[in-house]
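Noted in Swiss-Prot for the protein shown:
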type	residues	note
SIGNAL	1-32	signal peptide
TOPO_DOM	33-157	topological domain 'Extracellular'
TOPO_DOM	179-300	topological domain 'Cytoplasmic'
REGION	259-291	region 'Disordered'
Amino acid sequence: MEIPMGTQGCFSKSLLLSASILVLWMLQGSQAALYIQKIPEQPQKNQDLLLSVQGVPDTFQDFNWYLGEETYGGTRLFTYIPGIQRPQRDGSAMGQRDIVGFPNGSMLLRRAQPTDSGTYQVAITINSEWTMKAKTEVQVAEKNKELPSTHLPTNAGILAATIIGSLAAGALLISCIAYLLVTRNWRGQSHRLPAPRGQGSLSILCSAVSPVPSVTPSTWMATTEKPELGPAHDAGDNNIYEVMPSPVLLVSPISDTRSINPARPLPTPPHLQAEPENHQYQQDLLNPDPAPYCQLVPTS
C-alpha cells in the first residue's frame, strides 16, 4: 500500500515542527537550569566578589564572560577553554580588572570597585548547536557606606557627653572665679573697716576742738605794751575773769610747722623783767598753757 505524496509532505512538516518545539523547550530548560550566585550578595569596595555558576553540565567546550547587556567581542571579559595549558584568555573588556576563571564556569573578581557594577553574563558552549546562558546584576557599594547610620547613636552620645562635660567644667570654673573675687573683696573690706572709724573719731575730735593759731616769739617780741586785765579793759563789762588751764590738749594745725614746743619755755623779754607787778600776767602770756583755748570763768 502506497502512501499518497500529500500525506507524506504533511507528516514531514509535522515532524519538523515537533522537533523544533522540542529543541526550543530544551534550550529554555537549559537556560532556566543555569544561574549565577553572588558571594557576597552585596559586595563593597575593595572586596572580592565570586560569581559562582550553578547547573553547568559535566562536559562543555568553553565558556565566555561578558560585562554588559550585549554579548559580543567589545563586552567580553575573558574566554576559558579547559584542557589546555593556558585556559584563560582575556578579552577587550577586561581592562585593569583582576579576574580569575575556574573550570566549573565561575569567576572571581578581586578588589571590586564601584566602576565594576553592571550586568554580568556567562555563555557556556556545550557544542556547536547548544549554548547555555545566564546573567546577573552586580552593584558594588562604597566601603562602609552604611556604617555612619549604624554608629550614629554612639557618635551622638559621645558628642552630647562632650558638650555637657564642657558646659559643666565652664560653669565650675566661673563659680570658682566668682567665689575668689567675692572672698577677696570681703577680706579687703574687713581690713579697711578700722581705718575709717579711726579717721572718723579723729575728725570728730578735731571738729570739736577749734584750732588755735600758734603764737611765735616774734609776736611777743613785737609787743611792747602791757596787757590790761581788769575792769578798765571793757568799760561795759563789770565781771572779773581769771585764767584757768583747759583740760584739752592743744592741737596745732598741720600746716603750721612753727608751733611752740610746750616743754621749751620762751625767753622773757628784757623790758618786761623790770616790772614785778605785772610779772604773773606776763608769765601767763609768755608761757601759755598747751590748750586749744583759755576758758574764762567769771568770779565774784
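Placed from the backbone N, Cα and C atoms, the Cβ positions cover glycine too.
Mean predicted confidence for the topological domain 'Extracellular' (33-157): the pLDDT average there is 89. Helix, strand and coil content of the topological domain 'Extracellular' (33-157), in residues and according to DSSP, is 17 helix, 58 strand, 50 coil.
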